[in-house]
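TrEMBL lists 6-120 with the feature domain 'Tetrahydrofolate dehydrogenase/cyclohydrolase catalytic'. Feature annotation from TrEMBL assigns domain 'Tetrahydrofolate dehydrogenase/cyclohydrolase NAD(P)-binding' to 143-291. Residues annotated as NADP(+) binding site in TrEMBL: GLY169, ARG170, GLY171, ILE237.
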Amino acid sequence: MVAVKLDGVATAKAVKAELAERITALTARGVTPGLGTLLVGSDPGSLSYVAGKHRDCAEVGIESIRVDLPGTATADEVRAAIAGLNANPAVTGYIIQLPLPAGLDENAMLELMDPDKDADGLHPTNLGRLVLGVGGEITSPLPCTPAGIVEMLQRYGVPISGRHVVVVGRGLTVGRPLGLLLTRKGLDATVTLTHSRTVDLESYVRQADILVAAVGVAGLIKPEWLKPGAAVLDVGITRVVNPETGTARLVGDVDPSAVDVAGYLSPVPGGVGPMTRAMLLRNVVDAAERSLS
Ligand SMILES: Nc1nc(=O)c2c([nH]1)NC[C@@H]1CN(c3ccc(C(=O)N[C@@H](CCC(=O)O)C(=O)O)cc3)C=[N+]21
């Protein structure tokens with residue numbers, strides 16, 4: 001079997017085309033959506049993601065406002081930047097690019113955001129709404145990577161309801177909120193959340209109808225662990241720098257030969273990453289629309 005590629009670039013393009021129409025309608029009503037990014041330090045991965053987010057905004061007609069602080073910034077300086085983004089009327093939504101440099105308390109900073117401007121769905125109020133909203137209409141921003149995973153599965157017609165989703169990784173931006181989202185009424189997956197202390201990871205992976213790997217350990221998931229025909233979504237990103245050329249290559253958590261066993265495969269790069277960015281744009285547009293009603 002050769003897996004169907006879950007093409008994040010093409011799917012994100014379709015999402016962005018739909019968003020561009022909604023942005024045109026918003027602008028006609030006098031609302032210009034604006035995405036702010038707060039980046040502290042100069043981690044190469046973070047610099048690349050933030051640049052991508054600003055390119056995406058330009059593509060669909062969202063203003064973007066970039067705030068960059070040096071890696072030496074103090075907690076007070078970061079708090080002041082957050083207060084500035086909360087107060088800036090041009091910023092209808094923003095993100096704090098994670099991870100923050102060691103020594104800055106991420107959770108404390110996320111808590112200072114205006115939850116109505118939280119484009120990542122990572123403010124405690126919005127994570128709380130995700131927990132409270134067992135079913136029904138979603139009226140708060142969802143974390144972008146989980147939302148992107150669900151959107152991609154749905155657009156490819158991969159069945160979720162009643163299926164066993166095995167998530168590898170319990171991080172704030174992917175694993176933990178993904179379990180909450182997939183078990184909601186309407187999506188109705190059965191979720192097993194595994195992590196670095198899980199005993200016999202392979203035995204869980206083997207049971208997965210849908211596998212999501214989000215730990216950042218290159219090649220962790222072996223093809224022979226997979227149930228043939230499973231949908232496999234690789235979310236891990238390890239940057240491997242070639243010492244001779246200095247260029248970085250992105251390597252996922254899933255051994256690439258999984259393509260011969262899986263039914264669907266979302267690769268790195270070109271899979272969930274572009275969908276994450278598309279969902280960030282969707283959160284900004286959703287929030288701008290909510291501000292009108
Ligand atoms: N507050 C916050 N929100 C996030 O959503 C967030 C974050 N912090 N910190 C880091 C992670 C990681 N992340 C990615 C987004 C896009 C790609 C992406 O577009 N990847 C491309 C390749 C990009 C490249 O070449 O560098 C791809 O997979 O095809 C990857 C990773 C968002 N994150």
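The backbone N, Cα and C atoms fix where each Cβ goes, and this holds for glycine too.
Here the features listed in TrEMBL are painted onto the structure.
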residue: GLY169; record: NADP(+) binding site; Cβ contacts under 8 Å, 6 or more apart: GLY175, THR194, HIS195, VAL212, ALA213, ALA214, VAL215, GLY216, VAL235, GLY236
residue: ARG170; record: NADP(+) binding site; Cβ contacts under 8 Å, 6 or more apart: ARG176, LEU193, HIS195
residue: GLY171; record: NADP(+) binding site; Cβ contacts under 8 Å, 6 or more apart: ALA214, VAL215
residue: ILE237; record: NADP(+) binding site; Cβ contacts under 8 Å, 6 or more apart: GLY45, GLY216, LEU250, VAL251, GLY252, VAL268, GLY273
- NADP(+) site span - longest C-alpha distance across GLY169, ARG170, GLY171, ILE237, in Å: 15
- Note on the structure: Per DSSP, the domain 'Tetrahydrofolate dehydrogenase/cyclohydrolase NAD(P)-binding' (143-291) contains 53 helix, 31 strand, 65 coil
- DSSP assigns the residues of the domain 'Tetrahydrofolate dehydrogenase/cyclohydrolase catalytic' (6-120) as 60 helix, 19 strand, 36 coil
- When pLDDT is averaged across the domain 'Tetrahydrofolate dehydrogenase/cyclohydrolase catalytic' (6-120), the result is 97
